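Trainee: Quick one: the structure is below, and I'll ask about it shortly.
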């Protein structure tokens with residue numbers, strides 16, 4: 001085996017990719033599955049220790065904006081756990097119930113943290129550990145090494161498709177990883193359909209970005225045989241079909257735009273011959289979809305999925321009640337992770353029923369309730385830095401445009417889906433978002449023995465032998 005196989009840079013890429021895969025395997029249950037969350041948090045700590053103990057120069061991000069994003073995200077939640085004197089916390093809006101409860105035990109004059117539920121906020125802070133580590137690890141990798149994370153994302157999407165096929169075949173027997181999950185849908189390793197749809201949509205973009213990275217822009221079409229081109233198209237169609245079979249309405253609505261973006265990523269890096277081949281593959285895909293829709297129009301599962309578009313989701317009433325709760329704690333918020341107890345406490349009586357909402361199904365409203373104006377300000381600051389990195393990476397001739405495109409499209413999916421759901425409350429999806437942001441950051445440079453620097457573009461061996469899955 002070549003000595004280069006033991007290059008510490010490859011080890012760092014392997015650690016980052018392994019942590020990402022572990023997060024996608026174990027982090028799909030959310031707060032209702034604390035054991036799985038604890039496991040991935042421990043694994044993230046182990047991965048960080050391995051990262052620091054690996055031979056060679058310590059690998060850290062050089063883009064200061066990544067450090068700022070990490071500091072903002074951790075600071076927003078961590079500062080809420082600092083105890084405050086009674087004159088301060090008692091004056092915060094929405095604390096009447098907390099004051100009354102503490103009076104019962106004679107602790108109304110004690111120091112209390114900003115958050116109304118320290119255990120929930122601490123759990124939320126610990127849940128940030130894996131995505132923050134993934135963010136910094138991605139930013140510390142060289143440009144060529146980051147392709148491993150894109151490949152891992154695409155591979156996990158394909159594995160989710162395989163697991164989803166087994167779940168469909170199991171039917172009512174229920175091959176699923178979380179008790180609260182329905183048993184007749186493609187769920188992969190996630191607890192709910194919307195998270196699975198996001199995994200598949202982003203995996204589809206990752207597949208396109210990885211495929212495009214096999215032959216840099218301006219070179220001829222890398223896949224020499226038509227058979228291999230059809231393999232790529234078939235994998236994309238399988239992921240798209242699996243996304244439909246999740247029965248996620250938002251996922252299905254986002255699928256056409258994601259397919260177009262993925263096609264554009266691949267086409268932008270193909271030669272003229274490759275573009276013609278892609279056109280044939282795309283046409284074949286549309287024909288296949290049309291024929292399949294005709295043949296499967298009476299399929300019970302597809303009919304059940306279609307019926308979901310005929311019924312309301314009930315989110316409008318939930319959003320209305322969330323806005324009312326926001327007003328009770330505005331402008332400071334109730335604390336990260338405290339949506340459930342505070343929403344229930346202020347839920348109007350006419351809205352009370354047997355169900356217990358676990359989320360606002362709008363991440364922006366939930367952020368406003370839990371973190372108030374500070375959360376909104378930090379969201380704007382983080383979004384501004386991400387936009388800055390995206391613009392800079394798209395203009396930088398040394399930047400991998402396929403990686404930038406993947407990051408931008410993936411973050412757009414998260415931003416749109418957050419209007420009707422809570423994708424970033426899942427560790428799996430939060431780690432994917434972290435990778436997407438990290439891919440937009442400036443990559444470290446490789447230092448030569450003579451003291452000169454060389455940008456970390458793929459070596460000849462890496463171009464000939466890219467990471468495979």
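A Cβ is built for glycine as well, from the same backbone N, Cα and C atoms used for every other residue.
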Trainee: Among 97-116, 257-276, 277-296, find the range that TrEMBL records as transmembrane segment.
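Mentor: So the range that TrEMBL calls transmembrane segment is 277-296.
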Trainee: Would you mind telling me which of 331-348, 349-366, 403-420 TrEMBL tags as transmembrane segment?
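Mentor: It is 403-420 that TrEMBL describes as transmembrane segment.
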Trainee: Of the listed stretches (66-84, 148-171, 403-420), which one yields the highest count of Cβ-Cβ distances below 8 Å with the transmembrane segment (372-391)?
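Mentor: Looking at each of 66-84, 148-171, 403-420 in turn, the most contacts to the transmembrane segment (372-391) are made by 66-84.
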Trainee: Please identify the stretch among 35-54, 121-141, 191-210, 230-247, 403-420 with the greatest number of Cβ pairs below 8 Å relative to the transmembrane segment (66-84).
Mentor: 121-141
Trainee: Restricting to the same chain and to residues at least six past its boundaries, which positions have a Cβ under 8 Å from a Cβ of the transmembrane segment (148-171)?
Mentor: 13-14, 16-17, 20-21, 24-25, 138, 141, 183-190, 196, 199-200, 202-204, 206-207, 209-210, 213, 235, 238-239, 242, 245-246, 301, 403, 406, 432, 435, 438-439, 467-469
Trainee: Any chance you could find the range in 35-54, 121-141, 191-210, 403-420 with the most Cβ pairs under 8 Å to the transmembrane segment (230-247)?
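Mentor: Highest pair count goes to 191-210.
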Trainee: Mind pulling out the one from 35-54, 191-210, 403-420 with the most Cβ pairs under 8 angstroms to the transmembrane segment (121-141)?
Mentor: 35-54
Trainee: Excluding the flanking five residues on each side, which residues at least 6 beyond the ends of the transmembrane segment (403-420) place their CB within less than 8 Å of a CB in that stretch?
Mentor: 143, 146-147, 150, 194, 198, 201-202, 205-206, 208-209, 213, 250-251, 254, 258, 261-262, 264-265, 268, 313, 315, 361-364, 386, 390, 393-394, 429, 432-433, 435-440
Trainee: Grab the same-chain neighbours of the transmembrane segment (35-54) for me: Cβ-Cβ under 8 Å, and only residues 6 or more beyond its ends, written as numbers and ranges.
Mentor: 8, 11-12, 15-16, 18-19, 22-23, 26-29, 123, 126-127, 129-130, 133-134, 137, 427
